[in-house]
Every structure is written in structure tokens, then in C-alpha cells.
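Worksheet for the structure shown next.
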Amino acid sequence: MDYQKISIQISPFQEWLRDVLNAQLAEIGFDSFVETETGFDAFIPATLYAEESMNEVLEGFSGDFSFDVKSELIADQNWNEEWEKNYFKPLVIGGECMIRAPFHTEYPHAKYEIVIEPNMAFGTGNHETTATIIESILQNDLSGKTILDMGCGTGILSILASMKGAKQITAIDIDKWSYQGTCENAALNNITNIDAKLGDASLLGNEKFDLIFANIHKNVLLNDMESYHKVLNDGGTLIMSGFYTEDIKDIKSKAESLGMKDAGFVEKNNWVAHSFLKPD
């Protein structure tokens with residue numbers, strides 16, 4: 001799959017503006033973001049890219065700042081090289097989880113070491129939404145638990161859950177590259193208890209889960225939260241990410257309308273991973 005890469009520089013740089021732009025571009029199909037010193041790079045499948053829609057987002061902002069925008073088509077066969085050269089470096093999250101690619105020869109060691117092939121599937125740990133859920137996972141005892149990973153991306157959360165002792169994991173993503181990436185990365189880490197599926201919340205049936213991760217956009221979370229609630233065991237936990245601190249009110253209101261209890265949140269650079277409990 002070819003991807004369109006949009007590089008946006010903000011002058012003078014304002015962090016809040018970068019965060020808001022990320023959120024609004026995500027609403028029109030951009031699915032990966034990499035921060036730069038004075039802006040960010042955003043990526044979208046080339047077939048979904050509409051310059052007019054992007055310009056409408058940018059034109060919605062006014063103030064004492066300007067945008068410098070550059071566009072580049074990244075061919076599918078060049079994507080791994082792009083990440084290897086510019087973005088994906090070994091990283092440690094929460095002091096216990098190290099993530100690297102097979103081509104890394106020097107890297108720090110940690111209690112949980114995950115190897116993933118970098119591609120356009122979302123979730124290399126570089127973005128705050130993935131990192132905040134990883135931190136939440138590290139704080140939980142997953143021994144013997146059944147897990148649902150919605151919007152699984154590269155499968156990194158499912159892989160970590162397996163390493164932490166989860167009994168069985170179901171990983172679902174609407175993107176075929178994420179589905180394939182999850183299968184490949186599970187094999188790369190010798191994980192055999194992840195059942196990857198291509199689709200969305202409509203795939204959820206009668207199977208129940210002790211813990212659910214949902215790392216998706218705010219609107220999808222609000223739309224599908226009832227489906228998550230139905231398949232969550234009593235006493236289970238739902239961890240949602242992919243939204244900003246200013247969205248907490250809406251997410252919390254929806255969760256509490258379903259009878260779930262607020263169990264707190266992790267925040268990183270205005271991105272949030274919010275946990276809710278389903279009462280026994």
C-alpha cells in the first residue's frame with residue numbers, strides 16, 4: 001500500500017496547535033503521526049488522501065502563526081526503509097517494555113522485549129496513545145485473563161498482554177495491513193495465543209473478555225462502547241485511548257451511562273488512556 005506523507009511545520013511552533021491538528025487530521029483518515037522539532041509528519045493511505053479535505057482543516061485555523069506544508073508519496077516497498085532511516089528507534093516504555101525492529105543491532109534490554117516489523121500499521125510505541133496503554137498494561141496483572149484488543153495495529157498490545165501471562169487474546173482491526181502485521185509480529189515474538197481478525201466491532205459475538213483495550217479515535221470509541229460493554233465480563237476493565245484530555249468528559253459520560261465506574265487515566269502530552277470497571 002502506498003502512503004501519502006504530509007510534513008507540517010508550525011511557525012512559531014505551538015505544541016497545543018500540533019496536538020489539535022493531529023486530532024483533526026485523524027478525523028479525515030490520517031492514521032500515523034510522528035512529532036518533529038517544529039511540527040509533525042502525518043501519514044494516510046494514498047487511496048484515502050484528499051488534498052482539499054486537508055486544506056479545509058488547515059484553513060480552519062487562524063492566528064499569529066503559519067504552516068509550511070510539504071507532501072510526498074511513499075511507495076509501499078520504501079516504507080520500511082523510511083522508518084529505519086528516520087523514525088523507528090528502539091525505545092523503552094514504563095521502564096519494563098522495550099520495543100525494537102529486527103534490523104536493530106544495538107538496543108537496551110528490559111523485562112519485556114518486543115520485536116516488530118515497522119510498517120504503516122499503527123502502534124510502534126512511538127505515539128502517546130500506544131505508550132499510555134502499554135503503561136496501563138504494565139500496571140495490571142494479566143495472568144490467566146482473556147483479552148480483546150480493538151484497533152490492534154501492529155499487535156504490540158496483544159503481544160505484551162501475552163508476555164504478561166494472558167490466557168487468550170482476540171485482536172481486531174479494520175485495516176488489512178494491521179491484521180497481517182499482527183499475525184506476522186505475533187509469530188516473530190513466538191506468540192501463539194493471539195487470534196487476529198479483520199473487521200470491526202460487528203465481529204463481536206458471545207465471547208466474553210476480562211480486559212479490553214480500545215486504541216481508536218474518539219468517535220469510534222463513543223459509537224462502539226456499548227458493544228465493548230456487552231462482551232466485558234463483570235468485574236472486567238475497559239481501557240480506551242486515542243483521544244485528548246478535553247475529550248475525557250464525553251468518554252466518561254458515555255461509559256457511566258452504561259453503568260461503568262471510572263478507574264482513572266494515564267495522560268501523556270495531552271493524550272489519554274482511560275480505564276473503566278464493569279461492576280460485578
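Backbone N, Cα and C atoms are what each Cβ position is placed from, and that goes for glycine too.
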Quiz item: If TrEMBL says T130, G151, D173 bind S-adenosyl-L-methionine, which of N193, N206, N215 does it name for the same site?
Solution: N215
Exercise. Based on DSSP, name the secondary structure state of G151 (S-adenosyl-L-methionine binding site): helix, strand or coil.
Key: coil
Exercise. Name the secondary structure element type, per DSSP in three states, that contains T130 (S-adenosyl-L-methionine binding site).
Key: helix
